[in-house]
Amino acid sequence: MGETTIISESTTDGPNLTASSTPKSKVIVGYSLPTWRKYLILFVTSWLTLIVTFSSTSMLIATPEIATDLSTTPEILNITNAGVLVAMGLSALIWSPLSNLFGRKKIYNVAIFFMFVPSIGAAVAPDLATFTAMRLMGGLTGTYFMVAGQTIITDIFGPLSRGQATGFFMVGSVAGPALGPCIGGLIVTFSHWRNIYWLQVAMSGFGLVLSLIVIPSVKREVEVIQVNGKEKLSFFDALQKFNPLGVFRQLLRPNILLAVSLHHPSINQRIEKIKVKKDVTCGCLAATQYGILASVRHVINPRFNLTTPLISGLFYIAPGMGFFVGSIVGGRLADRTVKRYIAKRNGIRLPGDRLNSGLIGLFVILPISLLLFGWGLQESIGGLALPIVAAVWAGVGLMGTFNALNTYTAEVNPAKTAEVICSKYMVQYLFGASSLAGIVPLIDAIGVGWSFTLLVASDFLGGGMVLLITRFWTKVPGESG
């Protein structure tokens with residue numbers, strides 16, 4: 001009997017295994033899974049990313065209370081939180097190789113357990129050192145759930161529905177940063193900050209149960225052929241799996257060089273080399289996201305006399321709504337854009353086509369919203385309504401752009417999907433950590449208006465890189481600019 005093995009179509013033109021390479025276990029092609037099961041898997045993967053991102057921001061609203069209880073300062077805790085984001089950015093370098101060695105489902109569940117245990121440790125931590133160690137340990141599981149989640153989506157959803165699936169997947173990762181401060185503020189106002197971490201314990205435990213029941217073992221066809229055609233790995237081969245050069249090599253070059261095989265009879269043997277800086281673009285967007293989230297209590301509370309964590313925590317609903325809407329709408333728009341370009345090219349699909357769907361958000365919605373947010377607060381214009389509305393639209397612009405970039409990252413090099421996604425999240429969270437640690441000192445030094453103007457400038461830099469991809473490097477051979 002044994003466990004069902006699901007074969008992904010994402011690395012080949014179809015399920016064309018030869019008789020000699022077909023595994024003896026029961027095989028189901030990933031795209032052919034029932035729709036209800038696909039969306040159940042999608043819910044579980046999204047839930048786990050919600051837990052990760054919830055934990056990264058839930059303490060933002062409770063920083064003064066935690067600092068008092070642990071005899072430290074809010075500034076030290078902000079640095080600690082930035083350290084958690086760095087740990088999250090590096091986590092896939094640990095868990096992805098383990099996944100390759102022992103199987104994705106098994107390691108996925110082990111990673112959930114390692115998120116579960118540090119949450120207990122943080123809840124009972126008697127001092128700052130223990131609290132920091134537990135949070136860093138929990139952070140070391142962070143982006144693996146995003147990397148694994150995106151590869152699972154790539155394995156079970158076809159190209160024309162993948163953007164929408166990514167949008168639903170991102171609901172978890174974008175709801176967490178907004179729900180964390182809201183629920184954290186509620187808990188701190190009526191209870192003790194340690195209950196934030198007990199809540200995370202319950203969320204992680206629930207996620208582990210769901211994962212054990214729902215997440216399948218998904219193997220790509222290439223992996224199945226290799227497993228059936230090779231002997232077991234030697235100890236040296238196993239160590240080689242942990243070599244991070246495959247990820248860092250992409251970051252050492254001025255441009256990340258990726259090769260995209262075009263699945264069309266007339267050009268299938270031609271390879272278009274695309275020089276992209278999408279990792280830096282994602283980093284700029286992450287800096288903006290965490291810049292908004294980390295600055296709220298510092299810039300909103302004193303201007304509008306918000307005296308309790310609960311009231312200031314409610315402000316996070318605004319960007320949270322924008323994140324949610326941007327993820328869903330951005331996913332649908334990305335899929336529509338892909339279909340439009342397929343029709344334009346008579347059936348040819350290029351991964352970079354979907355990036356066109358995020359240009360309005362990146363060049364119009366996001367910069368206008370950030371400038372209104374920053375300068376409205378700086379000049380005391382529009383009362384509390386202006387930053388609330390601006391935060392909503394900033395969230396829409398951010399996630400509408402993120403959706404296209406995330407799906408593009410998963411598609412652009414199918415043979416090394418996890419490696420490419422890992423590089424993206426590493427850069428993304430390093431930028432986010434820098435913003436989290438530096439936004440408040442920056443605001444104190446030059447003001448909230450100019451601080452958010454700098455964030456707009458960084459987003460324009462990332463937008464220029466996306467334009468290069470879409471206008472010059474995403475073309476069929478012979479296609480005019």
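Glycine residues also receive a Cβ, built from the backbone N, Cα and C atoms like all the rest.
Annotated region 'Disordered' per TrEMBL: 1-20, in sequence order.
Feature annotation from TrEMBL assigns transmembrane segment to 39-64 (among others).
If you look up TrEMBL, you'll see 41-475 marked as domain 'Major facilitator superfamily (MFS) profile'. A mean pLDDT of 81 is what the model gives for the domain 'Major facilitator superfamily (MFS) profile' (41-475).
Non-local neighbours of the transmembrane segment (76-95) in the same chain are 52, 55-56, 59-60, 63, 66-67, 107, 111, 128, 131-132, 135-136, 138-144, 147-148, 242, 244, 247, 290, 294, 418, 421-422, 425-430, 432-434, 436-437, 440; each lies 6+ residues outside the stretch with a CB under 8 Å from one of its CB atoms. TrEMBL lists 76-95 (among others) with the feature transmembrane segment.
The annotation transmembrane segment is assigned in TrEMBL to 107-125 (among others). Listed as Cβ neighbours of the transmembrane segment (107-125) (distance under 8 Å, sequence separation of 6 or more from its ends, same chain) are residues 48, 51-52, 55, 70, 95, 98-99, 131, 133-135, 137-138, 140-141, 144-145, 148, 194-195, 197-198, 200-201, 204-205, 207-208, 211-212, 215.
Sequence annotations record features per position, and here TrEMBL assigns transmembrane segment to 137-157 (among others).
Annotated transmembrane segment per TrEMBL: 169-190 (among others), in sequence order.
The annotation transmembrane segment is assigned in TrEMBL to 196-215 (among others).
Long-range neighbours of the transmembrane segment (280-300) within the same chain, counting only residues 6 or more positions beyond its ends whose Cβ lies under 8 Å from a Cβ of the stretch, are 57, 60-61, 63, 78, 85, 177-178, 181, 306, 312, 315-316, 319, 366, 370, 373, 377, 384, 387, 391, 394, 398, 401-402, 405-406, 409, 424, 427-436, 439-440, 443, 448, 451-452, 455, 458-459, 461-463, 465-466. Per TrEMBL, transmembrane segment is recorded for 280-300 (among others).
According to TrEMBL, the transmembrane segment annotation covers 312-334 (among others).
As annotated by TrEMBL, transmembrane segment applies to 355-375 (among others).
Per TrEMBL, transmembrane segment is recorded for 381-405 (among others). Listed by sequence, the residues of this chain that lie at least six past the ends of the transmembrane segment (381-405) yet keep a Cβ under 8 A from its Cβ atoms are 163, 166-167, 170, 174, 178, 278, 281-282, 285, 288-289, 292, 300, 304, 315, 318-327, 329-331, 333-334, 337, 354-358, 360-362, 364-370, 372-373, 375, 424, 466.
Residues or ranges marked as transmembrane segment in TrEMBL: 426-443 (among others). Sequence-distant contacts of the transmembrane segment (426-443) (same chain, six or more residues past either end, CB-CB distance under 8 Å): 78-79, 81-83, 85-86, 88-90, 92-93, 142-143, 247, 251, 279-280, 282-291, 293-295, 298-299, 451, 454.
Sequence-distant contacts of the transmembrane segment (449-469) (same chain, at least 6 residues past either end, Cβ-Cβ under 8 Å): 274-278, 280-285, 287-288, 291, 295, 352, 355, 358-359, 362-363, 366-367, 370-371, 373-375, 377-379, 401, 405, 439, 442-443. Under the heading transmembrane segment, TrEMBL lists 449-469 (among others).
With a cut-off of 8 Å between Cβ atoms, the residues of this chain six or more beyond the transmembrane segment (312-334) that come close are 61, 163-168, 170-171, 174-175, 177-186, 292-293, 296-297, 300-301, 306, 354, 357-358, 361, 387-389, 391-404, 407. In summary, the transmembrane segment (39-64) does not lie against the transmembrane segment (355-375): fewer than three C-beta pairs, each 6 or more positions apart in sequence, are under 8 Å. By the count of Cβ pairs under 8 Å, the stretch nearest in packing to the transmembrane segment (137-157) among 169-190, 196-215, 355-375 is 169-190.
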